[in-house]
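Below is one structure, written out as structure tokens, with a few remarks after it.
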Amino acid sequence: MAGEQMKPVASLLLVLNFCMYVIVLGIGGWAMNRAIDHGFEIAGPDLKLPEHFSPIYFPMGNAATGFFVVLALLAGVVGAASTISGLSHIRSWTVGSLPAAAAAATIAWTLTVLAMGFAWKEIELHVRNARLRTMEAFLIILSVTQLLCIAAVHGVRRPA
């Protein structure tokens, strides 16, 4: 049956995506922690906010970094959860388990693509460190592998 041939491919992509989403979460968590610890500190009645103040300020990147990190964290959490839903679908591999797995994977993919858009903007603005470049690369790769995962999860066929 053609659907059974997609099962190992889907399993491999789910495990690969889970590992990459966990790495994105680790780097994103580091960036968020660093921004909280080293963000703007305004003390005293005479001090004012900088002219181009952003409430999402990340000291190790550029103007797009804050948006990129927040969306990367969202994509990472939803992506990791979608792989768990996908692995549950792999165990049963029935038409009944397909909608939940496909919907979760599609939502994770759309968030990943949105975060990838901010990754491209961050790349365009140049100023960032090696960890952020790593997270950008993982999200760009994940935007492709998550789409392939959606296609592989749809490999289940209706019984004839």
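Every residue gets a Cβ built from N, Cα and C, even glycine.
Features of the protein shown, as given by TrEMBL:
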| type | residues | note |
| --- | --- | --- |
| TRANSMEM | 12-36 | transmembrane segment |
| TRANSMEM | 56-81 | transmembrane segment |
| TRANSMEM | 93-117 | transmembrane segment |
| TRANSMEM | 137-156 | transmembrane segment |
Report, as numbers and ranges, every residue of the chain located at least six residues beyond the transmembrane segment (56-81) whose Cβ falls under 8 Å of a Cβ in that stretch; write 'none' if there are none. 17-18, 21-22, 24-25, 27-29, 31-32, 34-35, 38-40, 104, 107-108, 111-112, 114-115, 118-119, 121-122, 125-129, 131-132, 135-136, 139, 142, 146
Per the Cβ under 8 Å criterion, with at least 6 residues separating them from its ends, the transmembrane segment (12-36) contacts 57-61, 65-66, 69-70, 72-73, 75-77, 79-80, 83-84, 86-87, 90, 131-132, 134-135, 138-139, 141-142, 145-146, 148-149, 152
